[in-house]
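Marked as active site by TrEMBL: 17, 161, 291. What TrEMBL records for 118-313 is domain 'ATP-grasp'. As annotated by TrEMBL, Mg(2+) 1 binding site applies to 267, 280. What TrEMBL records for 280, 282 is Mg(2+) 2 binding site.
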């Protein structure tokens, strides 16, 4: 296997999760530089229609036109040894970018286009989780919700970082919102499960320590997820060995069922009875200072630079098979 020297860290694009993506890319780039790699950080939507040697010298502004993939991006990615994907949301996490790179024979980090696409679709991923015996909250039809279904939670079918998630306590509250937002037909609606929230990361075949998320106000939405101090994250989670085993085993089963083979992070809620419910799996977990996966890796003795390098190694191993 060829030695990796040049790496593009790809981030941004038109995704709603752009800010998270930028922050992930900064941390990844800094860490890879400390390890001695030649790193180029590029926005997915920027104009790269110039020589790779000019990238660091250029201002690298975004295209004025809104495009999913900027001019010259693919050409630049062909000229490096691997592309480290920090492209949270949008085409960077729905399988489209991965499929393009497969066709172009460009090495990239993370899971396959198919597993990425399935995990990004909340309905499909819940079907997969159910197929391996993991409990999921009851799915509801938007136009058939009854008073006794509440509380409920709505989520965009294809979105990450808890963007767009809302909880409704009663039908009146929901009906008012629905009238003002007819686009809810593209949302995933399910019974709200009250309980403790946990997450489990997996790196290759290694199941990382369980982390518990304790939100100080509200629930674990986008703001609480990425605001320092808004939530307390406890890792390893202070729970029984039995619950730890159940969460880790469930995460591994879902990881395999979805076809992940590099890394992932799966979220769960444990209700008041102690039953474990699947929330979602992330094929491209956040890599910011406040992100869960790096915290879990650190608890397992893997610091951030080594986590980045391990992701690269696993990705190369999988794609060389």
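Each residue, glycine too, has its Cβ placed from N, Cα and C.
Unlike curated entries, TrEMBL annotations are predicted automatically.
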For residue 17 (active site): DSSP state (helix, strand, coil): coil
Across all protein chains in the structure, which of the recorded positions 17, 280 has the highest Cβ count within 10 Å? 17
Around the Cβ of residue 282 (Mg(2+) 2 binding site), other Cβ atoms found within 10 Å total 24
